[in-house]
Amino acid sequence: MALITGKKCGDEEMGPLGLETEVAEARTTFDSGKTKGFEWRKSQLQALLRLLQEKEEDMLKVLKEDLGKHRVEAYRDEVGALTKSVDNALLNLKKWMAPEKVSLPLVAVPTVAEIVPEPLGVVLVISSWNFPIGLSLEPMIGAIAAGNAAVLKPSELAPATSEFLAAEVPKYLDCEAIKVIQGGPQVAEQLLDLKWDKIFFTGSAQVGRIVMTAAAKHLTPVTLELGGKCPAIFDSLKSSRDQRMAVGRVAGAKWGSCLGQACIGIDYLLVTDEYAPTLIELLKGVIKEFFSNSEHLARIVNKHHFQRLCNLLQDESVAASVVHGGSVNAEELFIEPTILLNPPLDKEIMTEEIFGPLLPIITLKKIEDSIEFLRARPKPLVIYAFTHDEKFKQRIVDDTSSGCVMFNDTLIQYLCDTIPFGGVGQSGFGQYHGKFSFDNFSNRKPVGRRNFLIEFSFRYPPWNEKKLQLLRHIYRFDYIGFVLCFLGLKR
Amino acid sequence: MEGKTSNEVFNREKAEATVKELRQSFRAGKTKTYEWRAAQLEGIARLIKEKESEITQALRSDLAKPEMESYLHEISLAKSACLFALKNLKKWMKPEKVPAAITTFPSSAQIVSEPLGVVLVISAWNYPFLLSIDPVIGAIVAGNAVVLKPSEIAPATSELFAKILPEYVDSSCIKVVEGGVPETTALLEQKWDKIFYTGNGKVGRIVMAAAAKNLTPVSLELGGKSPVLVDSDVNLKVAVKRIAVGKWGCNNGQACIAPDYIITTKSFAPQLVEALKVTLERFYGKNPLESADLSRIVNLNHFKHLTDMLDEENVSDKIVCGGQTDEKQLKIAPTLLLDVPHDSLIMKNEIFGPLLPIVTVDKLEDSFEIINSMSKPLAAYVFTKNKKLEQEFLSNVSAGGILVNDVALHLANLYLPFGGVGESGIGAYHGKFSFDAFSHKKAVLSRGFAGEAGARYPPYTPEKQWILKGLINGSIVALFLALFKRF
């Protein structure tokens, strides 16, 4: 997914000089120490909360405009989730900021030590188009809580949201420290040329490489929240109630969240040959129940992605595997929930992240084969599995690798502040949410303190055997040996 | 056993084959078990014990490192890292249960540490034993397969690793590749699950750019100019001894956390210089070039880097102690300089040697501007009894680590993360931080089908929105309604 400009952000694209001036101001503001204090951070988070509350209608509106999201979906996935995160940050800010006391070995006595979190400085957040408010502000919460100045570049592919953020964020937040800079690939390139203390990127692997390469020039640490093909393993569940519920959760994750354009959405299903027909029927039923009215579904973000998805279905063998749906509406940029049964594994629909409402179902002889299937493929952001088999669950955790593993449900790991959210391998590195966001944007600085009272002469040259012996005892925590040696009573 | 022999060059094909073999070993699950990791650590502990004299000899050959320093700074630290890891391995490997949120009720959550896979450790020349084995210990304890590329600038130690490591550890999963730029380049072209590099910023950039091609996370342990702020209210005798042993007692200043320069007041500087002179003579005698307690400069290249700094105009006349050099022996005496120009080479670049410039200011508060005009160092030190100054130092100076009233000690504490910030690096290690540096923290969330929030699904209604709002914000009432309301 290249940085292709869809609808333009009007003439708001800042010339290079304007951009650099903005960033320089953020730097000056950080250097002044303004963003470091508890009061400032608290005030910014509170302002963010007010923004979420007062501008909720506007937010739901721009999300509808950019992505056709129903207001309830938009609230559930973006506005509401952010509210929860800001509340959580406000509640815990003091605790997160507090130094952490650390114990020390006797050799270093008398020393006390602690780990003091400090802000990194001026950070750059580059956001994505599919959850354009959520993926912009969620990292910003971490950056602010950790005491940084921050520049946000929202995705130009969600232009109404980008405009909204550029207009409203400066009204609520401290615009000398928090900046929103709009624009496309050129603006991103200019920003990436500058020196940052951290870059937080959400998007595709291809652009992730560009970001990290640019960051390398300045030794800037990065977090890359990428994607991948997130599978859902569907084991046989005994009760029909559980099955129905599970299928509902699958449908919600595939189509109910940005029409499948989500990094943690389900990309494809793995199920046994035996169970596949039942599953397909259940899915069809749920699709009818939830999504009969397409008003309750989002839209494909732009023509480029719409075409990309249509192209996935062009191949004869892929088209032949469609068992439900498949109709498209170019004007509306809508593709209906579509199910495919065993499209060939070497076609693009099974080699690239789909990021759309097409759901391949891959069947296996037995469900345990799913583990080998996954091990042969790049590590995704999340592996979903619907099963009651505890042994199987353990095998999935032990023998596969992914950012996260979620059993018997979908998507809600995004809302849980106590677990880290991030990828591994091709799905990225670095984590956030909750305290992980705070840590992501902090330097955890160890501080040790000594006094002058006790001094060990054997630390210093000129060296001799006795000093060496004393140190051997100390390093083995052999205090008796140390004392004897010190008093000259032991060799 | 990989190695560079006279008729064998480690090129791209060999690098590919090495990584392939390690991937197979890793996929087979060899490195994941507690038993395997413990066995490797025990092997390394045995290596350190049995080969102590060979290691000391190699360090003497590479750096003329005094035996005490070899013991203090390399062997004993490697040993404690190994033993600490063995002691805590089981605990670290256990999944961490965490509370789940009300929003996801009912659910259980844990964080599972898993190895990243096949990792590359590139080591440095100044503590060639420790800086190789310490990250390798971290890689092993986290369950990875690992390639170690020791520094070619410390050839005796590099050769020792290539020879003896395979005797003590599982060489189907842990390999040593010797070599310089071509071999390192061949290795960097491969796809790794993590790269851990210790060295300088210039090569650090090359490593990170190479890693970017494969989206490989990196840890970069780099350097910087570690400042020492000295207040006049301190116990001068003790302070000066600590500064001296931290500077010249650490590989003759060739250490990433050695004091690089001192800042003190104009009025206090003369006393400080005198005290340093006295201590230097006590430690190293009247002819420091002949002292067996000082490491030599590692090679001619680095020697010239240091003499260039000394010979610069307006710098050479600021020497107040030392300055003697012996190119044949690659020795430079502990040297103090007073008030060199701010734009001189010695103040612009990391010194990494036995030269110690002393910068004077009118009042100590003026020092923060000087310190912050340079890039963030790996360590920063302040000697003072004044709590206010200490606090100001802590708030105003950003560094990898800060030590008050002593130097370098924090690196020995396995409970403190050791790593840089900004130009001094990315990531941290030591103790559990090593385990974490080479692990992926996988979130595992588990739910059942007991409670179902019909409000989650379309068709959406205002009532559903109301319930979702409450649920997301942790409201018990909303939770109740969400669980029991039928749509």
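Every residue number used here counts from 1 along the chain in the order it is shown.
In case you wondered, yes, glycine gets a Cβ from its N, Cα and C as well.
Nobody curates TrEMBL annotations by hand; they come from automatic prediction.
A quick note: this is a predicted structure, and the numbers were derived from the prediction, not measured.
Under the heading active site, TrEMBL lists A:GLU225 (among others). The secondary structure of A:GLU225 (active site), as reduced to three states from DSSP, is extended strand.
Taken from TrEMBL, the feature active site applies to A:CYS263 (among others). There are 28 other CB atoms within 10 A of the CB of A:CYS263 (active site), with all protein chains counted.
Under the heading domain 'Aldehyde dehydrogenase', TrEMBL lists A:21-446.
Around the Cβ of A:GLU225 (active site), 27 further Cβ atoms fall within 10 Å across all displayed protein chains. In this model, the domain 'Aldehyde dehydrogenase' (A:21-446) carries an average pLDDT of 96. A:GLU225 (active site) sits 9 Å from A:CYS263 (active site), taking the CA atoms of both as reference points.
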